[in-house]
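A.B. asks: Here it is, the structure in full.
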Amino acid sequence: RRPRGMYFSAEDRGEMMSMVYNWPADQVDMIVVTDGSRILGLGDLGVHGIGIAIGKLDLYVAAAGINPQRVLPVMIDVGTNNEKLLKDPLYLGLQEHRLEGEEYVAIIDEFMEAVFARWPNVIVQFEDFQSKWAFRLLQRYRKTYRMFNDDVQGTAGVAIAGLLGAVRAQGRPMLDFPKQKIVVAGAGSAGIGVVNAASRTMARMLGNNEVAFESARSQFWIVDAHGLITEERTNIDPDARPFARRKSELGHQGLSEGASLVEVVKKVKPDVILGLSAVGGLFSKEVLEALKDSSSSRPAIFAMSNPTKNAECTPEEAFSILGEKIIFASGSPFSDVDLGNGKIGHSNQGNNMYLFPGIGLGTLLSGARVISDGMLQAAAERLASYMKEEEVLEGIVYPPISRIRDITKEVAAAVVKEAVAEDLAEGYRDMDARELARLSEEETVEYVQQNMWSPVYPTIVYKKD
């Protein structure tokens, strides 16, 4: 009924700088902020979206050992476009349609200035903002503030870790990743975020020059609700434009603008099909059958949309059609599949929980001024290499959640090392940037562990036996 957090409303314009002092904690390490506009699988929840910010911060406490007294869930109420809430007399938020354009941006600007004025070292994680704002706000703030967007960058990092794991599961080195042909279903903030990050990873492996970026770009085929995205499309989303297939490429592939997912899979014979469409069952029997002709010895199916009903396919569907020689991963939890003869089809859950706590903790402990692409990349690569060789060859590309504290510690250490390497680290408490730079890999992991809050309390009252 009364979730704890701070609510900033469009009505509070001009007041936010003083409002931040209403929060009782003198030090805040992590803020998770949402405007409730696109809660995954649930849509526009208005002020009820505060639960998302609270839940994510619970995971920071559980997985990363961020001190629970130093976290702050925030809801920015700029109205709602949910007609049911607009008519509900008991709705607690602003009962007007969402603000748009410069008015909206001005409110988020004011909020960011206010929280960083009071807590200069805080890290702000943006969560569940609708696509059009997710990208725009990320580009607006990422070079000025310590912030990241979990839907764009966290989802991308977890997907990349899985994609790198899939390369290992094929018995190949991770450096073979730039050779993977990837068909992506979905061109929203998550889909484009993953493609951007994956192409950067490929380009980095190929030498990080213009030729490398062009080569990486050509490994992706993006299919949205209107079919394959090509440069012939009118009103193409600017974020998707760099990955639109060129006219010259289409002819010899036998594809055209708007080609269906089945056609694309048949013609491209991809190593990976990656679903970030939020359309349940999109990987139909026909799509999975078409994947039988994949040029990979072990094709990967990533049905990453949440919640469960939105998953592009289930592991049962994938394994029953394609047999045991596949890698399956999803965004929602599914049980492993019994394939008979003592064999198990592993269902991997690519949960953002594997990465964002480590990204936040690593940024905090390095004192990095901003969160760079390199730091996010280092986090994803560390998660990908976390699995042992024998586990990966069995088709297990993500670790069990039971190891989450250990995974977070390793990811955070990788983020710290990268921040130092990029000369972004400014140190944390008694550990300045020069001392951080002197730490070996093992010492960095130990440093992270020592700074993780643990819910262990001393016994205060002893009873006599």
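Here the Cβ of each residue, glycine as well, is placed from N, Cα and C on the backbone.
What TrEMBL says about a protein is an automatic prediction, not a curated fact.
Relevant sequence annotations retrieved from TrEMBL are reproduced here:
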DOMAIN    1-142  domain 'Malic enzyme N-terminal'
BINDING   ARG38, ASN306, ASN351  (S)-malate binding site
BINDING   GLU127, ASP128, ASP151  divalent metal cation binding site
DOMAIN    152-420  domain 'Malic enzyme NAD-binding'
A.B. asks: Closest of the binding-site residues to ARG38 ((S)-malate binding site), Cα to Cα, picking from GLU127, ASP128, ASP151?
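C.D. replies: Spatially nearest to ARG38 ((S)-malate binding site) by Cα position is ASP128.
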A.B. asks: Show, in sequence order, which residues other than GLU127, ASP128, ASP151 on the same chain lie with their Cβ within 8 Å of the centre of the Cβ atoms of the divalent metal cation site.
C.D. replies: THR34, ARG38, ILE39, LEU40, ILE52, PHE126, PHE129, ALA134, ASN149, ASP150
A.B. asks: Roughly where does the domain 'Malic enzyme NAD-binding' (152-420) sit in mean pLDDT, to the nearest integer?
C.D. replies: 92
A.B. asks: Within 10 Å of the Cβ of ASP151 (divalent metal cation binding site), how many other Cβ atoms can you find? Include all protein chains, please.
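C.D. replies: A count of 24.
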A.B. asks: Identify, among the binding-site residues GLU127, ASP128, the residue whose Cβ has the fewest other Cβ atoms within 10 Å in this structure.
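C.D. replies: Among the binding-site residues GLU127, ASP128, the lowest count of other Cβ atoms within 10 Å belongs to ASP128.
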A.B. asks: Roughly how many angstrom lie between the C-alpha atoms of ASP151 (divalent metal cation binding site) and ASN306 ((S)-malate binding site)?
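C.D. replies: Per the Cα atoms, ASP151 (divalent metal cation binding site) and ASN306 ((S)-malate binding site) stand 12 Å apart.
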A.B. asks: Using other CB atoms within 10 angstroms as the count, which residue among the binding-site residues ARG38, ASN306 scores least?
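C.D. replies: Each of the binding-site residues ARG38, ASN306 was scored; lowest Cβ tally within 10 Å is ASN306.
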A.B. asks: Widest Cα span across the (S)-malate binders ARG38, ASN306, ASN351, in Å?
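C.D. replies: In whole numbers, the farthest two Cα atoms are 18 Å apart.
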